[in-house]
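Marked as L-tyrosine binding site by Swiss-Prot: 72, 116, 216, 220, 223, 242. According to Swiss-Prot, the feature ATP binding site maps to 76, 269, 279, an assignment based on similarity to another entry. Among the features that Swiss-Prot reports, N6-acetyllysine is placed at 350, 362. Sequence annotations record features per position, and here Swiss-Prot assigns motif ''HIGH' region' to 77-86. Residues or ranges marked as motif ''KMSKS' region' in Swiss-Prot: 276-280.
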Ligand SMILES: Nc1ncnc2c1ncn2[C@@H]1O[C@H](COP(=O)(O)OP(=O)(O)OP(=O)(O)O)[C@@H](O)[C@H]1O
Ligand SMILES: N[C@@H](Cc1ccc(O)cc1)C(=O)O
């Protein structure tokens, strides 16, 4: 912490608060809070007292002199990818953006070094500054890619607000520790900080709580203040585990400026066991292709149970509610077709991985579950590797006269000697989803070797080998 930026703690001039709000907002924005609420996307509003008038008025575009608002949500780079839990808060931001408001996705390049204790039973493993920097870079790329897909593939022809990615390292790295404690620290009351649920539960735990973790809420409160001061941001969005931190921000800003700000939470997405879906529980479904392929993401949503699919369609897609009703009517008639789950999976995969990612997920589904050779034939090396994650991959040169058994041996797929030979004759081997029982058959391009120069070798029920033929 270095520069004394905090001396600027003061009442925020209105002109500055609205500085960024110069763009016209579409009239439909007046239903802004009602629509996501009807979808079940907004769970709690803070402070409760503001929910009836102040907050709706803030987003009511019919009011004379009203301007676009700025809303933010923070993401700590404690991992190198966003996940499905984060996606929900991002959808919250996108709904504001679609209604013409400006949104900020804040990467917590500094807060991640402390580790948020909210909702956790023990402290996070400390991460090196270098690791956090690399993660922050990856999250920024992920956020920008999602915002670009959103703008490119889900535009509705109406003027939207801006989407900005910031990193709180930009202001915390400038801070001088003693200066920060003296100016900011003086405005927080220990009693209030100690009363937070996240602090209480951790203080009672056998491991206790570190000062760094305890101080976390002060940094998040300062972020809110900073964004209020510099971007006119009056609303912070977060998962429902963030309410305590949001309250600290509200109290700090209110104390310093006399202005009202607000918090909105989204429900926490949980697994079937009820655990929050995310890094900490080790059950995250990632948005980064290298960690969870488009096919796996697609399948995660196709597998959702009938009793949660309608809720997820409302939460994770922009489909209008009447269209969701219609999809559900079709679904109820023939649930085994999984029409609703497939639509949900398609919408989310398109948002996260673009049209190309959705096409890839569908190709992989065809290739794996419908044994489609056409689908295999147009797959790239990357898709095949993603699809058959456990498969070994070899690059082989196709010599003239290469037979089925030569191929199996070169790929180290069968044992040497008669046992390997028998595995083929007894029907345990298939190439490109077709059983091959003659070990001496010579490979035929177009049948054993696909147009894309690949062969998918399967031994037994689940051992896959991908072969890329060189110099065809
Ligand atoms: N499963 C979830 N459902 C809804 N919101 C979530 C979920 N997981 C994370 N979030 C929200 O996303 C935002 C960023 O979270 P962050 O990156 O700090 O992860 P986190 O909450 O620490 O979770 P974890 O480390 O367990 O993945 C927060 O507002 C958080 O509440
Ligand atoms: N505390 C949030 C992330 C965050 C970081 C900085 C903020 O200003 C806001 C939110 C979480 O761990 O989920």
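The backbone N, Cα and C atoms fix where each Cβ goes, and this holds for glycine too.
Sequence features, as recorded in Swiss-Prot, placed on the structure.
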residue: 72; record: L-tyrosine binding site; CB count, 10 Å: 24
residue: 76; record: ATP binding site; CB count, 10 Å: 26
residue: 116; record: L-tyrosine binding site; CB count, 10 Å: 23
residue: 216; record: L-tyrosine binding site; CB count, 10 Å: 25
residue: 220; record: L-tyrosine binding site; CB count, 10 Å: 28
residue: 223; record: L-tyrosine binding site; CB count, 10 Å: 25
residue: 242; record: L-tyrosine binding site; CB count, 10 Å: 27
residue: 269; record: ATP binding site; CB count, 10 Å: 22
residue: 350; record: N6-acetyllysine; CB count, 10 Å: 21
residue: 362; record: N6-acetyllysine; CB count, 10 Å: 18
- Long-range same-chain neighbours of residue 279 (ATP binding site), Cβ under 8 Å, sequence gap at least 6? 78, 79, 83
- Contact set of the motif ''KMSKS' region' (276-280) with the rest of its chain, CB cutoff 8 A exclusive, min separation 6+ beyond the ends, reads 78-79, 83-85, 119-120, 124, 239, 241, 268-270
- Can you grab the distance from residue 269 (ATP binding site) over to residue 72 (L-tyrosine binding site)? Cα atoms, rounded to a whole Å. 20
- Taking Cα atoms as reference points, which of the recorded positions 76, 350, 362 is nearest to residue 242 (L-tyrosine binding site)? 76
- Could you give the mean pLDDT over the motif ''HIGH' region' (77-86), rounded to a whole number? 96
- Message: Less than 6 Å between Cβ and the nearest atom of ligand 2 is the rule; apply it to the recorded positions 72, 216, 269, 279, 350, 362.
- Response: none
- Translate the DSSP assignment of residue 72 (L-tyrosine binding site) into the three-state scheme. strand
- ligand 1: which of the binding-site residues 216, 220, 223, 242, 269 have a Cβ closer than 6 angstroms to it? 242, 269
- Item | Longest CA-CA distance among 76, 269, 279, per record bound to ATP, angstrom | 17
- Message: Using the alpha carbons only, what distance in Å do you get between residue 220 (L-tyrosine binding site) and residue 76 (ATP binding site) once rounded?
- Response: 11
- Message: Restricting to the record's L-tyrosine-binding residues (72, 116, 216, 220, 223, 242), give me the longest CA-CA distance in Å as a whole number.
- Response: 18
- Query: Cα-Cα separation of residue 72 (L-tyrosine binding site) and residue 350 (N6-acetyllysine), in Å?
  - Reply: 24
- Message: Nearest of the recorded positions to residue 362 (N6-acetyllysine) by CA-CA distance, picking from 76, 116, 216, 350?
- Response: 350
